[in-house]
Amino acid sequence: MILPGLLLLMVIMTAQMPAGRVPAPVTLSWPDYFGNRVFLPAGNPVTEDGIALGRRLFYEKALSSTDQMSCATCHQQAKAFTDGKRFSAGADGVLQPRNTMSLANLLWVRQLFWDGRAGSLEEQAVTPLTALHEMGQSLVVSAAKLQKLPRYRALFRRAFGSDSITGDRIVKALAQFERTLISANSRYDQYLQGKYQPSVSESNGITLFYANTDPVRGTRGAGCAHCHGGPKTYSDLFHNNGLDSLPADAGRQQITGQAYDKGRFRVAALCNIALTAPYMHDGRFPDLESVIDHYSEHVIHNETLSPFLQQPLLLTKQEKNDLLAFLHMLTDSAFVTDPRFSNPFNNN
Amino acid sequence: MIRNCFLGLLLLTGMTAMAQQKPAVKVSGEVTRPLTLYPENLRQMKRTTVSLKDRDGNDHAYTGVPVQEILEQAGVTTGKALRGENLSKYLLVRCADGYEVLFSLAELDSSFTDRVVILADESGGQPLPAGKGPFRLVVPGEKKPARSSFQVTDMIIRFAKD
């Protein structure tokens, strides 16, 4: 009886509090060649204080049922926000059904997760926070726990204009922080900006990545860019890349219910790819060499295999090495050591 | 044991739910009548056959419904109504794999052009092959077939507002 009364009083108090200073808006920037097809919801503008709060929440273990796990347990900066495991364990020790995804350049991703089931970073964040086998705690409990911790009331006030701590604000702050995770300083970026001269092998790798094999014109290519193409090495597409004849995980089909989506998964971004092993939605390939071997000679025909992968590539040893050299160009060391994305609790 | 049965049941019901999902094309945006077109709807509409040079370099005949016909059914500004600000409208075609291509409405309208773009559902009397069908946009007369996109799921009409 007393508790609801107290809560009501608190609500009234916050409502009457003078609106403090307005959080300072932040303009995110990226190279022109990324294009501006970004997804920035009007209802959650990115602000300095929102980002600072989101970063803290990303590393906050109180958001899990055991107080032992944060987003960063699975999404570790040094590994381009992955954890090197085939399947990561949730707070309760149960393994995730799919491989942890790398987090970078999420502004350009419209459908999140391997099957594209979340339409925004705000919506996405609810899943890891509340899923039984991930952080396993309701947003209401998370909000109540944060209320009791020092500093959060002030941080929420600065980010959102009032003391109230809610699930909605938690996911909004997390999303703001994630939107700042822009990786654009790999050697490939530097090459695109005219600041880096690629080696012969890297240069051949770039050509192979973009080109298709055409016996008539005598060109050799690996055709990767059909799906992973463009300077972001990402396109917002779903494909079946021939991993299995009968996919154990139906992927996109589970969301759309359409037979033609069976075994289709979101095309993964390749930035920082050398840091995010193991590979594919089920982490089946331990290294990039195995990935290249897959595309070169082990693509498995199945009813929904992408039309772009019908012909085996049969790359030579040298071509494989060149492609590998290109994939290694995509590592952005500045991104994985950027103090703005690091654990803020280490500094306290 | 009980848990396993339960899981089996869940999987089974999940699978039947999936199997029941029929492919369709949704027409939405600046329309007065949003449509969801199933295969049988397309078969009952005005149909036509056009020819397209595919990636193999050969001409193939495709049959389906003119896009203009679909837009008219959805109450989009076509023909005489395609003037003034309506000339800044576009059609965005989205496919199952996320691929998207764009047309200005005037590109698709018989009062502007003789080219007939269709939403095809058969070729040579056969349903379209898996991977391309059930619905393919067929855009005749282009140097490459990149806008003749496969597995269409959405047709979205909007104003360009920049």
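Positions of Cβ are set from backbone N, Cα and C atoms, glycine also.
Annotation comment: TrEMBL describes A:1-19 as signal peptide.
In sequence order, A:LEU57, A:PHE58, A:TYR59, A:LEU63, A:PRO128, A:MET135, A:LEU174 are the residues of the chain that are 6 or more apart from A:CYS71 (heme c 1 binding site) and have a CB within less than 8 Å of its CB. Look at TrEMBL and you will find A:CYS71, A:CYS74, A:HIS75 tagged as heme c 1 binding site.
Per TrEMBL, the feature domain 'Cytochrome c' maps to A:200-331. Counting residues of the domain 'Cytochrome c' (A:200-331) by DSSP class, helix then strand then coil, yields 52 helix, 10 strand, 70 coil.
The annotation heme c 2 binding site is assigned in TrEMBL to A:CYS224, A:CYS227, A:HIS228. Neighbours of A:CYS227 (heme c 2 binding site), defined as other CB atoms within 10 A of its CB across all chains, total 19.
Cα spacing between A:CYS224 (heme c 2 binding site) and A:HIS75 (heme c 1 binding site): 26 Å, rounded to the nearest whole number.
The Cβ of A:HIS75 (heme c 1 binding site) lies under 8 Å from the Cβ of A:PHE58, A:PHE81, A:THR82, A:ASP83, A:THR100, A:LEU103, each of which sits 6+ residues away along the same chain.
Put simply, A:CYS74 (heme c 1 binding site) is 24 Å from A:HIS228 (heme c 2 binding site) when counted between their Cα atoms. The Cβ of A:CYS74 (heme c 1 binding site) lies under 8 Å from the Cβ of A:THR82, A:ASP83, A:SER88, A:GLN96, A:THR100, A:PRO128, each on the same chain and at least six residues away in sequence.
Taking the mean position of the Cβ atoms of A:CYS224, A:CYS227, A:HIS228 as the heme c 2 site, the remaining residues of that chain whose Cβ falls within 8 Å of it are A:PHE209, A:GLY223, A:ALA225, A:HIS226, A:GLY229, A:THR233, A:SER235, A:VAL267, A:LEU270.
Taken together, the residues of the domain 'Cytochrome c' (A:200-331) have an average pLDDT of 95.
Every protein chain considered, the tally of other Cβ atoms within 10 Å of the Cβ of A:HIS228 (heme c 2 binding site) stands at 20. Within 10 Å of the C-beta of A:CYS224 (heme c 2 binding site) we count 23 further C-beta atoms, all protein chains included.
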